[in-house]
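Contents: one structure, followed by commentary.
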């Protein structure tokens, strides 16, 4: 039975990822005053299927000097971790209801760094290695603020369990009392998922394509799927943390509709940001985090520690 539940979660995620690639190309197309893909199927709707067939039927080339095992394991690990991070998300009921769901998600997102590092190192190409080092430095740096922001939100929530966030936000979204955190969280998720304007890992002008430059066909598609699954997952996480939808146990469908709408709007805002902003310089990216975000989040975390105590507000303890 559990395997059926797992499949019922994984298949829709992969479908959502496939169509997110199409939505991205369409949105970017219309923002640049062109049509986007419109040849394969009606309005280009079958484009993701054509892309998948093309990628998975290509020969998976590998460089002669690469270390084979790591080269093959890295993309599989990337996708496996991206899908694992969905398990504790309440939509409205999680696949596995964990006591420390938030901690689990932080741990999984930290492990994702290894797949990037291995892929860059195993490719044995200087471009891939530089791209991987950039990606790792960026991901690890922005995880610091993500963790502190999470801690601040959880101080209002009262536990590390994700479903209690729904109870916490029955009367008010957490974006209202902690909007500076929400803004920094959104920008940090952009950096964490390597999206524009923080897509330094795949700076075409200087690094050709970044850490996945030596990958072709199937393994490349796995990295691609992992990246987009992470984007959707991060937006869903943002919705749960800051824009909690109202959950009526008698009609869980209403929660799902509400929640999916918010997550889709956030995902489209990711694409909007990509179409609007130029790429950051690497030192600007690091300055933004270590000199702007970190002091601010630390100060706000201390404020979130004191605020419930001052107002004698007890978080929901159920």
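All residue numbers here begin at 1 and follow the chain in the order shown.
A Cβ is built for glycine as well, from the same backbone N, Cα and C atoms used for every other residue.
Among the features that Swiss-Prot reports, transmembrane segment is placed at 2-22 (among others).
Among the features that Swiss-Prot reports, transmembrane segment is placed at 68-88 (among others). Residues of the same chain lying 6 or more positions beyond the ends of the transmembrane segment (68-88) and with a Cβ under 8 Å from any Cβ of it are 9-10, 13, 62, 94-98, 101-102, 104-105, 108-109, 111-112, 114-116, 118-119, 121-123, 162, 214-215, 219-220, 222-223, 225-227, 229-230, 233.
Residues of the same chain lying 6 or more positions beyond the ends of the transmembrane segment (100-120) and with a Cβ under 8 Å from any Cβ of it are 70-71, 73-75, 77-78, 81-82, 84-85, 87-89, 94, 128-133, 135-136, 139-140, 143, 146-147, 150, 154, 160-162, 192, 201, 211-212, 215, 223, 226, 230, 237. What Swiss-Prot lists as transmembrane segment is 100-120 (among others), and the listing cites sequence analysis.
Among residues of the same chain six or more beyond the transmembrane segment (146-166), those with a C-beta under 8 A of the stretch's C-beta atoms are 88-90, 92-94, 97-103, 106, 109, 174, 177-178, 181, 184-185, 188-189, 192, 240-242, 244-245, 247, 255, 294, 297-298, 300-301, 304-305, 307-308, 314-318. Under the heading transmembrane segment, Swiss-Prot lists 146-166 (among others).
Taken from Swiss-Prot, the feature transmembrane segment applies to 171-191 (among others).
Residues or ranges marked as transmembrane segment by Swiss-Prot: 222-242 (among others).
The transmembrane segment feature in Swiss-Prot is assigned to 253-273 (among others).
Among residues of the same chain six or more beyond the transmembrane segment (293-313), those with a C-beta under 8 A of the stretch's C-beta atoms are 144-145, 148-149, 151-153, 155-156, 177-178, 180-181, 184, 187-188. The annotation transmembrane segment is assigned in Swiss-Prot to 293-313 (among others) on the grounds of sequence analysis.
Below 8 angstroms of C-beta separation, residues 138, 141-142, 145-146, 149, 152-153, 156, 165, 197-198, 234-235, 237-238, 241-244, 266, 270, 273, 285, 288-289, 293, 296-297, 300, 304, 307 of the same chain, each at least six residues beyond the ends of the transmembrane segment (171-191), sit close to that stretch. Outside the transmembrane segment (2-22), and at least 6 residues removed from its termini, the chain residues within Cβ reach (under 8 Å) are 37, 44-45, 47-49, 51-52, 83, 86-87, 95, 224-225, 228-229, 231-232, 267.
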